[in-house]
Amino acid sequence: MAVIGFIGLGNMGGPMAANLVKAGHQVVGYDLVPAAIEAAEAAGVTIGASPAAIAAAAEVVVTMLPGGKHVLGVYGEIAPVARPGTLLIDCSTIDVDSARKAHAQAAEYGAASLDAPVSGGVGGASAGTLTFMAGGEAGAFEQARPILEAMGKKIVHCGGAGAGQAAKICNNMILGISMIGVCEAFVLAEKLGLSHQALFDVSSTSSGQCWSLTSYCPVPGPVPASPANRDYQPGFAAALMLKDLKLAQEAAQGAGAPTPLGAAAAQLYAMMNAQGQGGTDFSGIIRMLRGEG
Ligand code: NAD
């Protein structure tokens, strides 16, 4: 069992670190927020004095932080003190450029590194059923696999540095666009006098079929577990969808990829957030499309 540093013990990082403890690892954590530290301690995580102190003692350091600037800041502290061969795994969702810079920072000091963002949300983090999308060298991936398996169910090696982040934002751009498409279809059906169930019965077995419809249906009824049945409590908050769509737009602009629907989806989620609905599940965008307040 390994000594694992864990930096960023928030909504996702806290339960992920707890699962590493349950798997028998010695986990030394760090966060800036006292409540996150207390919850992690209660789950069996030892708290370290600083990111540098943790990295100097750990074989593996996992980061789960809000954005690219936080990750690069922490990597600036941990990469110089990490022992050669230490593995740095960043599970945060960040922009591809920052992810590649983080890999370069690690390599400069002889540390192996992986970008390994996740999908599955807080529920998946608690249950240990996250999907990891990893980018980095094959050796780093194989070294990370048993650690990631303690926190997730599906682990995919997507390619070299930044490929995990690329997979995450491409997937979530599909999700944002498809959710809006499904919502628009339900709003049109309502205006045409077609019932939700009738549209669902046809489209869920026809060419309009997609995850946003069949697993996460944005109207109450057809899929009882979807957030629409609990007044759009998240689930996956609209603010996080906006974050991922903005990352996709940044990446598309940098790479010269035309993404007109991705841009429109980002604008619509920005509008939903501006209306004070950032904490609502992202499928709740149907209410904005209906013109409800
Ligand atoms: P969160 O805000 O709950 O947790 C982030 C934690 O990082 C906070 O506790 C914060 O205090 C800590 N932090 C910030 N700067 C730090 C520093 N310099 N040193 C130590 N700790 C620091 O956020 P979250 O929901 O846990 O999300 C974390 C990451 O996971 C984000 O990149 C997010 O996009 C991604 N993600 C979240 C979800 C979700 O459903 N919440 C799903 C998939 C991916």
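Keep in mind that glycine also has a Cβ here, set from the backbone N, Cα and C atoms.
As written in TrEMBL, here are the features:
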type     : residues : note
DOMAIN   : 4-159    : domain '6-phosphogluconate dehydrogenase NADP-binding'
DOMAIN   : 162-289  : domain '3-hydroxyisobutyrate dehydrogenase-like NAD-binding'
ACT_SITE : Lys168   : active site
For the domain '3-hydroxyisobutyrate dehydrogenase-like NAD-binding' (162-289), residues assigned helix / strand / coil by DSSP: 90 helix, 2 strand, 36 coil
Per-region confidence, the domain '3-hydroxyisobutyrate dehydrogenase-like NAD-binding' (162-289) (mean pLDDT, whole number): 97
